[in-house]
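The domain 'ABC transmembrane type-1' annotation in TrEMBL covers A:63-250. Per TrEMBL, transmembrane segment is recorded for A:63-87, A:99-122, A:128-148, A:200-218, A:238-259.
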Amino acid sequence: MMTAQLSYDAKKKSVLFLLAAAVVVWIIVDAATGGDEHWARVGVRLPLLLTGSGDGWPVTGGFILNVLLSIASMAVATALGTIMGIATLAQRAVIRLPAFLVMNFLRNSPWLVLLFAMLYIIPYEIRVFGMVIPFPPFMKAVIGLALPTAANFSEVIRGAVQSIHSGQWEAARSLGYSTRQIYMHVILPQAFRRMIPGWMNLYALLMIATALATVTGIQDVLTILNTSLAMESERALVYFYLTVLFMFFAYCYPIAVFARRLERAVKGDNI
Amino acid sequence: MTHPEALIEIKDIHKSFGKFNVLNGIDLTVRKGEAVCIIGPSGSGKSTILRCMNGLMPIDRGTIRVGQHQVHSLKTEKAMRPLRHQVAMVFQQYNLFPHKTALENVMMAPIQVLGHDRAEVEDRARKLLDKVRLGHKADSYPGQLSGGQQQRVAIARALAMQPDVILFDEVTAALDPETVKDVLFNIRELVEEGLTCVLVTHEMGFAREVSHHVCFTDHGKIVEDAPPAEFFANPRDPRTREFLGQVL
């Protein structure tokens, strides 16, 4: 057999290439048989999909808002997840057990439910010492998406720390290091490399999940698709949805591929 | 009977993991400048004895004194630290820090734990790497070194702490036969310089040549403790005889 001589990677690559080629062929054939006028509509409205303004400026929403939302959520999730991860590694049960409880609760909640919950739990504004801090829907979306991501990231941290060989602990303890010093100088620098792929995978997942934030009412790409473009013909909407799907794919796939490559690189050596 | 000149004094220590008794009343005395080899079948508690000496494992019963430290009465990691500054350990799996170069591995603990001056420590570390004949590998990472080279860096790392005792836990067991002799050469040098060493080993020839006395452990007890000439030529305990018959 011919295929038996190909490596797994080569086979995978050729299958992916065939799929991509099939998509391109389908688009060309479809465009030639009348799809081109729908694509033209997509082309005209593309600035709106990307930025939320018909002219492409200023940026008020659209896909770019999804990207901003994902970055803001990831920043919050990284900070929260680090605290939660360290808490789940604590020696004292008083810290560890509540952290475990919160982490497991958040990890096992549907993201959409958490988003809705934040919508109702967080008030529109908070008054502190006479100051009024408003909580716009965007902030609620950031927090709603950050919570489950933080819980998952804390697991990434815990997994990375626990994957460090116990001999490292023994060696550091026998040299007289304190627990805090062992984390700082020995465990975390090594665990950090092992966290990066997981962190990136999580970011790709989070980016995909930003589409859920449409329920908070922010002008993200899905909200725009559902409202501003509702008057497009039903047939044209198919092309719009395909375009949005492709946007997410084009943004997330390279990240996932890069994360996987890093993962392989980290697994191999023990540096 | 007490030995005022003894650096390490272990009396009747017991240790069990769940229902399994690893140590069943170990007595052992090590004087300053002595090299003591502990040999015996696997699972007889050899490595556990070493780990009890520097407090890596707590004991259930008995007393351990190392220098002025009453190890059995140290209850927290924090209390153990002064002890560990005096007792260094070298492991079977080297356990170097893979994210640091050989030189940094040797320098880390004296700077970060003992608070010694960096320039002085670097000078000391380079001399120690030269001593284990790895001065030219100072900037290599552990992953770039052979097992034997890693183990010699680990010995330099232990020495950098300027300990009173070094515990060697089957340090040649994971090495290729041809690199074993380099590591043993380094250890022999240390013993000749008068450093107190406790070695768990399977290298019978080495134990015979280097040690001041040899202990044989079986089922958590030291069943024989004698100078090497006597130990190997004329073992008294039948279990020692049987073991030596198998390995020699």
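Yeah, the Cβs are placed from backbone N, Cα and C, and that goes for glycine too.
Remote same-chain partners of the transmembrane segment (A:238-259), defined as residues 6 or more beyond its termini with a Cβ less than 8 Å from a stretch Cβ, comprise 35, 38-39, 41-42, 45-46, 49-50, 63, 67, 196-198, 200-201, 203-204, 207-208, 211, 221-222, 225, 229, 232.
Across the candidate stretches A:63-87, A:99-122, A:128-148, the maximum count of CB pairs under 8 A to the transmembrane segment (A:200-218) is reached by A:63-87. Among residues of the same chain six or more beyond the transmembrane segment (A:99-122), those with a C-beta under 8 A of the stretch's C-beta atoms are 84, 87-88, 90, 135, 137, 139-141, 143-145, 147-148, 150-152, 154-155, 209, 212-213, 215-216.
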